[in-house]
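Below: one structure, written as structure tokens.
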Amino acid sequence: MLVYLAEYLTQFYSGFNVFSYVTFRAILGLMTALMFSLWWGPKMIERLQLLQIGQVVRNDGPESHFSKRGTPTMGGLLILAGIFISVLLWGDLGSRYVWVVLFVLASFGTIGFIDDYRKVVRKDTKGLIARWKYLLQSIAAIVIAVYLYASADTAGETQLVVPFFKDVMPQLGAFFIVLVYFTIVGSSNAVNLTDGLDGLAIMPTVMVAAAFALIAYLSGHVQFANYLHIPYLPGAGELVIVCTAIVGAGLGFLWFNTYPAQVFMGDVGSLALGAALGAIAVLVRQEILLVIMGGVFVMETVSVILQVGSYKLRGQRIFRMAPIHHHYELKGWPEPRVIVRFWIISLFLVLLGLATLKLR
């Protein structure tokens, strides 16, 4: 929004031209989201406490989690508000890239909000019925997939980039819609499964978003894109603003979510952030890279799939409890140890993912 005002004011004072630079607006976007989260966080936590919107803890979970009962949840609203305010202020609202991610955040955030509302306000422990949740996620993802396929202007927008291989970018055709669907829905649910310990999901989300900010910047510049053998995507640079807003809002939320947490993000946050990462990966054509950099999310999801599959087929469990972070808790690891070690793994995987841009 302010980019248009700055463009107008440039004719009176050339110094306003600095707002035309994506990097400058990205820094302001990060700072805006961070400062808003730090400012509004205490007020929101107090409000959630007054409304008695507290976390529901499963009785069959680790005993150390019983003390978390009643901790305010639905803090994802804080994250989403910070992102939206920052992007609307500093982003180019004429960019379809920006609106795609905002739509994903809003739609999946709404699904998560309904789920949280049923759990913590209406005291329905099951929340939104799984099939309805999946149906709503599917509708939102398909809408985005069809829109991106129909509006693609260049061949690079529907190619699949394969890490480690130079110029291996097969044209997907209609299969692009399928890939977009599974990337967004899968990423959304993967982050949701990871969000089981204080700060466990938000920090890897911040790391992956920061990495995608760099990738979006490189993809939006023809020289960098050609040098790194990745698709050149005109206008993709505006995604840098979105990514840095996620980083800022995420770090601001982590201030209150770090162990012992004062607030949890709830499904309204985890489903929305996961879907946003999936959408950004799709927009910069780096779905496989998301699997690498978001390896912690993948590990958590696979542990659940293996646990359920093993129990149904063999009647035996592989892990003491799934997702896998609970397995380590039941082995006796203190919660902070599990969290920080998963953060370290996430950092390593993000750096590995970035390294693939050059290792081709």
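Note that Cβ sites are derived from N, Cα and C of the backbone, with glycine treated the same way.
According to Swiss-Prot:
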- 21-41: transmembrane segment (TRANSMEM)
- 74-94: transmembrane segment (TRANSMEM)
- 97-117: transmembrane segment (TRANSMEM)
- 135-155: transmembrane segment (TRANSMEM)
- 168-188: transmembrane segment (TRANSMEM)
- 199-219: transmembrane segment (TRANSMEM)
- 236-256: transmembrane segment (TRANSMEM)
- 263-283: transmembrane segment (TRANSMEM)
- 288-308: transmembrane segment (TRANSMEM)
- 338-358: transmembrane segment (TRANSMEM)
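Against the transmembrane segment (263-283), stretch 168-188 has more CB pairs under 8 A than any other of 168-188, 236-256, 338-358. In summary, the transmembrane segment (236-256) does not lie against the transmembrane segment (168-188): fewer than three C-beta pairs, each 6 or more positions apart in sequence, are under 8 Å. Counting same-chain residues at least six beyond the ends of the transmembrane segment (21-41), those with a Cβ under 8 angstroms from any Cβ of the stretch are 3, 78-79, 81-83, 85-87, 89-91, 213, 217, 220, 237-238, 240-241, 243-249, 251-253, 255-256, 263. Pairs of Cβ atoms less than 8 Å apart link the transmembrane segment (199-219) most often to 338-358, out of 74-94, 288-308, 338-358.
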